[in-house]
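S.K.: Have a look at this one before I ask anything.
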């Protein structure tokens, strides 16, 4: 049945309001100019970086070779990530995107973590990677992702990547934020400075102090 004139106006009003508020719900606001190359040497930075003078911007401000080769995975987790966020790639400033290359040794894991300011799109370049995330209701979603396949992780949710293949694995993680942030719960509990109160940890994990101390010892140096 066709909509009446008043019904059509109501639909158009809803669409107009949705479009008007859309920029406010994106991870990063839309830019107000063609580009705003970050001035990483600026004395002050409020919710991002100020722009370099346009007259000082050069070709290399929009270029990064960070993803060409991965660093060593010789660590307890068998993982290493190379991040091209705005602090390392000034041309990303105000564009609302960034990318990370992650290399995983056989059996290596990118431990559970979250990005409070960005959703993540995973593209596996090599090997087989189990990608999983948990929701606010403690539901787990996971999938083994193979070469040239994609998996998306909603913003702010805890997630992990585990190499389940026979050899090394490499994936790219693309974000809808120039600085998505990184929160690793294990480090946030066992490797804080100053240290998390022992009583908080023993009561949270239902463990004795000796057990908690043994757990904390595994994260010394991280």
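Cβ atoms here come from the backbone N, Cα and C positions, even for glycine.
Caution: TrEMBL annotation is automatic and unverified by curators.
From TrEMBL, for reference:
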{"type": "SIGNAL", "residues": "1-27", "note": "signal peptide"}
{"type": "DISULFID", "residues": "36-51", "note": "disulfide bond"}
{"type": "DOMAIN", "residues": "65-213", "note": "domain 'Cupin type-1'"}
{"type": "BINDING", "residues": "110, 115, 120", "note": "oxalate binding site"}
{"type": "BINDING", "residues": "113, 115, 120, 159", "note": "Mn(2+) binding site"}
S.K.: Tell me the Cβ contacts of residue 36 (disulfide bond) under 8 Å, same chain only and six or more apart in sequence, or just say none.
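M.R.: Listed in sequence order: 51, 93, 94.
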S.K.: State the mean pLDDT for the domain 'Cupin type-1' (65-213).
M.R.: 94
S.K.: Based on DSSP, tally up the residues of the domain 'Cupin type-1' (65-213) by helix, strand and coil.
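M.R.: Per-class counts: 22 helix, 55 strand, 72 coil.
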S.K.: Excluding 110, 115, 120 themselves, which residues in that chain have a Cβ inside 8 Å of the centre of the Cβ atoms defining the oxalate site?
M.R.: 100, 113, 114, 122, 153, 159, 161, 173, 175, 180, 182
S.K.: Rank the binding-site residues 113, 115, 159 by the number of other Cβ atoms within 10 Å of each Cβ, and give the residue at the low end.
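M.R.: Relative to the other binding-site residues in 113, 115, 159, 113 has the fewest Cβ atoms within 10 Å.
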S.K.: Roughly how many Å lie between the Cα atoms of residue 159 (Mn(2+) binding site) and residue 110 (oxalate binding site), rounded to a whole value?
M.R.: 9
S.K.: Expressed to the nearest Å, what is the distance separating residue 120 (oxalate binding site) and residue 113 (Mn(2+) binding site) at their Cα atoms?
M.R.: 12
S.K.: For the recorded positions 51, 110, 120, which one has the sparsest Cβ surroundings, going by other Cβ atoms within 10 Å?
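M.R.: Minimum Cβ neighbour count within 10 Å, taken over the recorded positions 51, 110, 120, occurs at 51.
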